[in-house]
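Taking it in order: structure first as structure tokens, then the write-up.
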Amino acid sequence: MAKFTVRAENFCLISHSTSSKSLIFNNPISLNHPRFHLLPSKRCLSFRVWCSIKEKENVKETDKFDGVLTGLRVDELDQASSVSDSEGELGHMSGSDQVGSEWNWPPWKNIPERYKLIGTTSLAFVICNMDKVNLSVAIIPMSHQFGWSSSVAGLVQSSFFWGYALSQLPGGWLAKVFGGRRVLQIGVLTWSLATALVPLVAGFMPGLVFSRILVGIGEGVSPSAATDLIARLIPLEERSRAVSFVFSGLSVGSVAGLLLAPPLIQNLGWESVFYIFSFLGVAWYSGFQFLKEGNASYGNEPIAGSHSTSMEKSLNTSLEELGGSLKDVPWRAFFKSQAVWAMIYTHFCGSWGHYTCLSWLPTYFSEELNLNLTEAAWVSLLPPLASVFVTSIAAQIADNLIANGVETTTVRKICQTIGFLSPALCMTLSSVDLGLPPWEIVGILTGGLALSSFALSGLYCTHQDISPEYASILLGITNTVGAVPGIVGVALTGYLLDSTHSWSISLFAPSIFFYLTGTIVWLVFASSKPQNFSTRD
């Protein structure tokens, strides 16, 4: 609780909503003989007070009111500052703590806390996919250096998904218990340090596989952590845009990784991409720590329209409480729900097409279309680059439909159907020998994979729709199954490629099958209606 002492040398500014005048007490003044300046104003009623503060306890920015009176904000200033108004200099203020300020630095100081967190989470996803796709490019010179076949290269790339699959359920549970913020920052640090290990153990296959497993574990907890954050902070009418903005960081990361990796490899060697990208993750972790210490808890910020509570447990939670929280999860109710099973299978189908293309497209462009390393990498960034554009459009369409009264389930089904049928059609055209030149094939694949981003406004919003409370755990369940194609599909593609020497059979045919069957299951069984799993269990 803070004690406020208003001194004579301070001033207040009052502006009225009518055409009446604004009163300004200039500094220095005497309370007995104030000087008034009348300024015309037609703005809404606002009230700002500058005064000295004597703190008895820590002052937190907790209450924010929307309306005619905007409320008081406590900003800490380490030294005296001057404030100038459009009509002239108002005076000089002194004191270490003041309420209100005309000049705010840094510029993002007054951005709502939930938007700051969503922005930094999206940035983490950018780095996430940079560390995922760097091996997709580096695997080409690494295979030449170490004499790896396509099967061995597929094994190395799939090892990432072993860790990714193993960390899904634990990541969802930890996000539920500790909150997504803590889980996300630990995940980023884990995968960043593991990425730096890759060049050191590349010549020792077990060590290389283990390092990629660690990268997968670190990145595997990130989707559940982000889902927990969105479910806690973002209301339904903003959810499609929040999910799309955060997860579009993956596409941006793919673009950045595929754009930066070739010149780094050609000029500094393939080892450089792992060291440099690792440094970016460590830098993000350090910056996120600073952001966390300098801002109020996001969980204390009430969000209108949110269906979730925002309580986070302390890191000092006892083992008994952790065990109890795990038992409290309504596992049986989850697996009795048709909607959950639809999400599981749909996630598996979408991941098959996404992970196999993410891992093998650079090699496909290099070997099948006869492009060099730089051209193959640059062409490979076209699908994720186009996905960034499509994602923003899809999110706006989905949120506008929901805001205009269209049933949420209908919106999710429309978006997911577009996200599956589009790449299935484009892969079919690319796999059939139509005599198309390479750049037309690139364009077709780019369009299909870009439109698959509609799934971010379909499947990836459904976890929060049906249960904000258990959204992170539900995503952990579906993402665990969704990681299986990364393990099986990526390795199987390499094996089929060695056996058949056909990209149509090894890469495109399985993806087309899963896209089509996933669409059918989603249309029949998917639902976004909120479900109370606790009472059902």
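Heads up, the Cβ atoms here are built off N, Cα and C, so glycines get one too.
Listed in TrEMBL for this protein:
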| type | residues | note |
| --- | --- | --- |
| DOMAIN | 117-529 | domain 'Major facilitator superfamily (MFS) profile' |
| TRANSMEM | 186-210 | transmembrane segment |
| TRANSMEM | 242-261 | transmembrane segment |
| TRANSMEM | 273-291 | transmembrane segment |
| TRANSMEM | 340-361 | transmembrane segment |
| TRANSMEM | 381-402 | transmembrane segment |
| TRANSMEM | 441-461 | transmembrane segment |
| TRANSMEM | 473-497 | transmembrane segment |
| TRANSMEM | 503-526 | transmembrane segment |
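Where the transmembrane segment (340-361) meets the stretches 273-291, 381-402, 503-526, the count of C-beta pairs under 8 angstroms peaks at 503-526.
Between the transmembrane segment (186-210) and the transmembrane segment (441-461), fewer than three CB pairs separated by 6 or more residues in sequence fall under 8 Å, so the two stretches do not touch. Within its own chain, the transmembrane segment (503-526) has Cβ neighbours under 8 Å at 338-339, 341-343, 345-346, 348-350, 352-353, 356-357, 360, 364, 368, 409, 412-413, 416-417, 420-421, 423-424, 427-428, 430-432, 458-459, 462, 485, 489, 492-494, 496-497, counting only residues six or more beyond its boundaries. Each of 242-261, 381-402, 441-461 was scored by its Cβ pairs under 8 Å to the transmembrane segment (273-291), and the highest score goes to 242-261.
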